[in-house]
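Student: Please find one structure pasted underneath; my questions will follow.
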């Protein structure tokens, strides 16, 4: 067998990643290397060149911290270089050595030793690397010593190279020579590898050279870079190569750093060296001072990967250790050694089947039982996949391969075979993530911790598909509270599919949402979020208000409520009231740092702190929905809205918030997305309301006006109006409700003519001429019917119309007929009438049923255009009245009042918006008015330009301003409508109609004329030309443009006119719904009554229940439950409609076809497997028949029937030579491997001793194994009196008596008499691959005692806990600080002693005798051989396991035991030997040594307990 160092050199032309051996030096965690803000790292990505300052820092830091290796002693080697030159033992030529090495005075005459003659010096190769002629891509590189600390390398990569801490480490290993892969498999591998790296933020580590698997990885990254955008980020590919094997490495040497270093990829001239791959982003070039020696980087790569995997990465709000996975393509012996080391150290491996050689050999046998993986089978596979080099394999190598492959396959939980198109694996990324989850599941953790770790991985990588299939299974039942931290992480990182998954698996939002949770969510808003900046503004304003406060105000929920009120409108109340001092939230953050760094807070600790914290929220679903909406998270908001109860109001509120945010959003794309999402939520509100209205009109209309406590005591209708959701308001059900309100208690079937007749002759009300909606009104007294009629808004409206028309007629009469110096009675009546209008407008201004305050009501009042018009008309009337009452200004007063009459007439437009015919037309007119204003700007340009030019050409020095205005503006404007000026040319030129000097104020100044004054002096051709051009553009072009604008506006508005009219109709209905029934001026009586109620009686204002109704709790709960039920119907209908879409049907059909193909493939595989099983069964039957025939023949021969010569030779052969493969298979099926496993691990624990490989079939001593030559190892013990002598011969051991009790030492085996060969006892379980006694104390059996101390696990009430009906046990275990596993408190015993030494260390001495009594009274659960990694061919461990169970928690002996457990010992702690004891739950995942687990399982079985 080859030594370990030799096998490492065999990987010269292979890429392998080294996995650290189990005894490698432990490395501590890096302090403060994890940066909290990844955005700082992203600004320093690999494609960005260093600034001069950074280059200087790097040029000073690297030489101080990173070294290279140089040979300092030239010793001529017997070998020549490839060029035939003399080289040193290090491989470099004479010229490549430093001057000190050529003249070494210190080492003269000594043999070359790399440990002595290779020294470290500051590195001279680092910086940026650019590959000449290939691309402008800039990478990073560094040359460093093989002894460089992993901490330093990690610091270089993360702090100086600017790499983000990875979420995953992918180590790709395999063939270093170029090999062929099927195109489809190559494409799948490249796509999957880059996909998993890009989606998880992984680092890919390879050998970095431009050959083999490294080249495949580089090309995969190249293809991704060419096809992706800059936003998708970069794939970090790190090549770790040997400096001495790199071709053209001289180009990389720059003592002050290469910025950049130009490297040429020269494959033709590389010879036995290799070139760096141009598609890698970073290179770590490991230097040991030699040239041409491959594999130098493996130890450093091993340590670096191990170190990185021990770091903690926090992503998506969860903290996990950086997982590592090994991906294998092709490969040879070195790759096999790499896989073996990886599996041994617990690193999961993904084998790509179809890539060739080692990968295919392992993939072919991975599904077989270990007992079926024989030497002959491996030999057969090698002959198939290693055809060219199969003849070079020695028998020892084949045996070693068999043993390693058996050990690899034995740990199936770490082995994943990727097969193209099989096992549901569509891509390599799925296989990689499944491998990590499978490995995580196999770790020795208690159930919750293990599954929690798997879920962290899935959330961090955003792989909900794997979480569904691998984590949320029947194997583990999740508690909703366990999912809360992951739920928060999924929300913060915007992973809606995970939120949906958690909700499906029992997370209740009422329990999830607490004060702490909400604060955590709002503190983690993205800085780019508009709501984030609004919060900052609120906090800054509060800080300015509290000028005396030295500390910056901290974020609290009432700050959020302030911003939300701005968005929802002041008609809503604050959603989160300002807390009292004692209610101040525990999580808070200063204003400049609202963005909470998730890496700084443990979500698990957050939920531990908030356990039992009473939620303050009315509706937790609302809180999460608002949080999702303000960030414009579409899918997340949709999922949360589906959980809401008050869903119609929620959808309308979301629409309002989004529309308000879109107005302030500067990013156009984000603004459009917000508007689209607002429309989507409006459609959802319409959909739910439609379902409700179809089911029950009355209850649906109750939903519209129900006061929603959750949304600031507003109503659905009010939210829709605030959000201007015209589609919702124009819904038939809402319009029916508004019509119902409009008609009051009257039936809507009453014709308008009936209403008018009753208004003119109200006694008709007593005849049944008018029908009422409620039958009871039909039978009520006349006064009640009159009150119901005149309180109807429709009646109030028409009474006000009649009153208003009367007012306008009277006003016109006074202005035109009866406007006397002293006001007449008619004019006084107008004054009274106007006073009543003023009183009504004042009532509307101060009407505040919701308690919003005067300022807010004034703001709302003046936001309406018609109110502004009313106030303007009233103020103008007061101005005109003031002038009219002053005799000197009587006429100006009449003019003002005349203009005011126009404004009062315009008010009619608002009145007629209720009309279905006139209302839409009024809307169109309003929109066209906007077009006119834009048109006037264009028209003014032509009018002013032509008017000024014309006036300047025709008239000289006109000084009268009024005539300048007429000439420039007025005449030019009239010209558009056909009034062409006569003096523009000389045909109609006349001086009679003008004033020559401009002295006549009623005549224009004459144009320029000749000296006679009879002919024009201006150029007629010019003025005519200007006139024609002006008419062409102004009269034809601009007027037609205006017509086109009107036409476009008409068509655009006409499509939505009905919606707009229905939306605006509400305002008029609401106005007259709350208006006093009497029309002006009789309305003064109503105002007097109102004044008495408000001022004298102090009765507050109340809103009519028809528009805002606060329901009783029971009624509201029933109504919301009904709405929730119908919302589910709506969602189901939406889902059904989605499935019925053609594109969705095509996708479903495609998926079904793919599933069918997979099923057919699986069926074919099953049929093939079934055929093999049937053949095997047939073989077994034939063998049994042969044995039976042989028995018959033997019996007949013994009975004297024939000689038996030559009879049934087939049966005899079947009996004598049974099928070996069938026998092995049967044995494997019956008892697994059937042999010890841990005792055959190649690397012996606590020593760098490699065992001789022993495959399963060669374990029994009876099996012939001619090449078996195990090494001899016996460790020296400090106390030689307690161990057998050391020696590899039998002479020192001649005095030992085996198979008997030798003095105080019991050398008898529980398995009977064992064989002693050449003075050494032989392990009764077979070969182990190592002779001697190893680290054990005695040759032969080493007897141990394992006391299993158990008690029942009890809850707080004292009851026994159960799991899956079975009771749960707790066991007493111990642990050394250096150990990763716990152990039973037993072990080896000193000769003649009963208690193990380990047990004595944890028990106080006065309790030893009592515990011995407990042991004698205990139950023996196991006695026999222990499969321990310390076992050898000549020494092994046998144990007796005794169960000591305490049935009662109040057992006196149990209490005494707990009292006598050893306490903290400072001396032992200083030596690192202090043991810790703990009661742990008995479970199959308990982190216990494997052989102790088997014992514990027997104890659990003894008591019928859970395991």
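Any Cβ shown, glycine's included, is placed from N, Cα and C.
From Swiss-Prot, here are the annotated features:
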- 1-751: topological domain 'Cytoplasmic' (TOPO_DOM)
- 1-11: compositional bias 'Basic and acidic residues' (COMPBIAS)
- 173, 178, 301, 332, 335: ADP-D-ribose 1 binding site (BINDING)
- 739: phosphothreonine (MOD_RES)
- 752-768: intramembrane segment (INTRAMEM)
- 769-793: topological domain 'Cytoplasmic' (TOPO_DOM)
- 794-814: transmembrane segment (TRANSMEM)
- 826-846: transmembrane segment (TRANSMEM)
- 847-865: topological domain 'Cytoplasmic' (TOPO_DOM)
- 866-886: transmembrane segment (TRANSMEM)
- 895-915: transmembrane segment (TRANSMEM)
- 916-927: topological domain 'Cytoplasmic' (TOPO_DOM)
- 928-948: transmembrane segment (TRANSMEM)
- 969-983: intramembrane segment (INTRAMEM)
- 1021-1042: transmembrane segment (TRANSMEM)
- 1043-1077: topological domain 'Cytoplasmic' (TOPO_DOM)
- 1078-1096: intramembrane segment (INTRAMEM)
- 1097-1507: topological domain 'Cytoplasmic' (TOPO_DOM)
- 1351-1502: domain 'Nudix hydrolase' (DOMAIN)
- 1379, 1428, 1430, 1489, 1491: ADP-D-ribose 2 binding site (BINDING)
- 1387-1408: motif 'Nudix box' (MOTIF)
Student: Three-state secondary structure of residue 173 (ADP-D-ribose 1 binding site) from DSSP?
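Tutor: In the DSSP reduction, residue 173 (ADP-D-ribose 1 binding site) maps to strand.
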Student: Grab the ADP-D-ribose 2 binding residues from the record (1379, 1428, 1430, 1489, 1491) and give me their largest CA-CA distance in Å.
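Tutor: Taking every pair of listed residues, the largest Cα separation comes to 16 Å.
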Student: 10 Å Cβ neighbour count around residue 1430 (ADP-D-ribose 2 binding site)?
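Tutor: Around residue 1430 (ADP-D-ribose 2 binding site), other Cβ atoms within 10 Å: 21.
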Student: Near the Cβ of residue 173 (ADP-D-ribose 1 binding site), how many other Cβ atoms are there if near means within 10 Å?
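Tutor: The answer is 33.
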Student: Determine, for the ADP-D-ribose 2 site, the additional residues of the same chain whose CB lies within 8 Å of the mean position of the CB atoms of 1379, 1428, 1430, 1489, 1491; present them in sequence order.
Tutor: 1238, 1383, 1426, 1429, 1490, 1492
Student: Can you give me the Cα-Cα distance between residue 1489 (ADP-D-ribose 2 binding site) and residue 301 (ADP-D-ribose 1 binding site) in Å, rounded to a whole number?
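Tutor: Between the Cα atoms of residue 1489 (ADP-D-ribose 2 binding site) and residue 301 (ADP-D-ribose 1 binding site), the distance comes to 29 Å.
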Student: If contact means at least 3 Cβ pairs within less than 8 Å, sequence distance 6 or more, would you call the transmembrane segment (794-814) and the transmembrane segment (895-915) in contact?
Tutor: yes
Student: Grab the same-chain neighbours of the intramembrane segment (1078-1096) for me: Cβ-Cβ under 8 Å, and only residues 6 or more beyond its ends, written as numbers and ranges.
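Tutor: Same-chain residues near the intramembrane segment (1078-1096) but 6 or more away: 796, 799-800, 802-804, 807, 829, 832-833, 835-837, 839-840, 843.
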Student: In angstrom units, rounded to an integer, how far apart are the Cα atoms of residue 1430 (ADP-D-ribose 2 binding site) and residue 335 (ADP-D-ribose 1 binding site)?
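Tutor: For residue 1430 (ADP-D-ribose 2 binding site) versus residue 335 (ADP-D-ribose 1 binding site), the Cα atoms are 27 Å apart.
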Student: Which of these recorded positions is closest to residue 332 (ADP-D-ribose 1 binding site) if you go by CA atoms: 739, 1379, 1428, 1491?
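Tutor: For residue 332 (ADP-D-ribose 1 binding site), the closest Cα among 739, 1379, 1428, 1491 is found at 1428.
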Student: Quick one: average pLDDT across the topological domain 'Cytoplasmic' (916-927), no decimals.
Tutor: 79
Student: Which residues of the same chain, at least 6 past either end of the topological domain 'Cytoplasmic' (1043-1077), have a Cβ under 8 Å from a Cβ in it?
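Tutor: Counting only partners 6 or more residues beyond its ends, the topological domain 'Cytoplasmic' (1043-1077) has Cβ contacts under 8 Å with 717, 721, 724, 726-727, 729-730, 735, 738, 741-742, 790-791, 793-797, 799-800, 840, 843-844, 847, 864, 910-911, 913-914, 916, 919-920, 923-924, 927-928, 931, 934-935, 1083, 1086-1087, 1090, 1103-1104, 1106-1107.
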Student: Given the binding-site residues 301, 1379, 1428, 1489, 1491, which one's Cβ is surrounded by the fewest other Cβ atoms within 10 Å?
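Tutor: 1379, out of the binding-site residues 301, 1379, 1428, 1489, 1491, has the fewest neighbouring Cβ atoms within 10 Å.
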Student: Of the recorded positions 173, 301, 739, which sits closest to residue 1379 (ADP-D-ribose 2 binding site) by Cα distance?
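Tutor: When the Cα distances are compared, 301 comes out closest.
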Student: Could you say which of the recorded positions 335, 739 has its Cβ with the most other Cβ atoms inside 10 Å?
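Tutor: Going through 335, 739 one by one, the largest Cβ count within 10 Å is at 335.
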Student: On a C-alpha basis, identify the one among 739, 1428, 1491 that is nearest to residue 301 (ADP-D-ribose 1 binding site); the candidates are the recorded positions.
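Tutor: Answer for the nearest of the recorded positions: 1428.
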Student: What Cα-Cα separation, expressed in whole Å, is found between residue 1491 (ADP-D-ribose 2 binding site) and residue 335 (ADP-D-ribose 1 binding site)?
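Tutor: Taking the Cα atoms only, residue 1491 (ADP-D-ribose 2 binding site) lies 31 Å from residue 335 (ADP-D-ribose 1 binding site).
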Student: Measure from the Cβ of residue 332 (ADP-D-ribose 1 binding site) and count the other Cβ atoms within 10 Å, all protein chains considered.
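Tutor: So the number of other Cβ atoms within 10 Å of residue 332 (ADP-D-ribose 1 binding site) is 21.
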Student: In the same chain, which residue numbers or ranges, 6 or more beyond the ends of the topological domain 'Cytoplasmic' (916-927), come under 8 angstroms Cβ to Cβ?
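Tutor: For the topological domain 'Cytoplasmic' (916-927), the list is 909, 1049-1050, 1053-1054, 1057-1058, 1060-1061, 1064-1065.
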Student: Helix, strand, coil: count each for the residues of the motif 'Nudix box' (1387-1408), based on DSSP.
Tutor: 10 helix, 3 strand, 9 coil
Student: Name the secondary structure element type, per DSSP in three states, that contains residue 1430 (ADP-D-ribose 2 binding site).
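Tutor: The residue in question, residue 1430 (ADP-D-ribose 2 binding site), is coil (DSSP, three-state).
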Student: Helix, strand or coil by DSSP: which one applies to residue 1491 (ADP-D-ribose 2 binding site)?
Tutor: helix
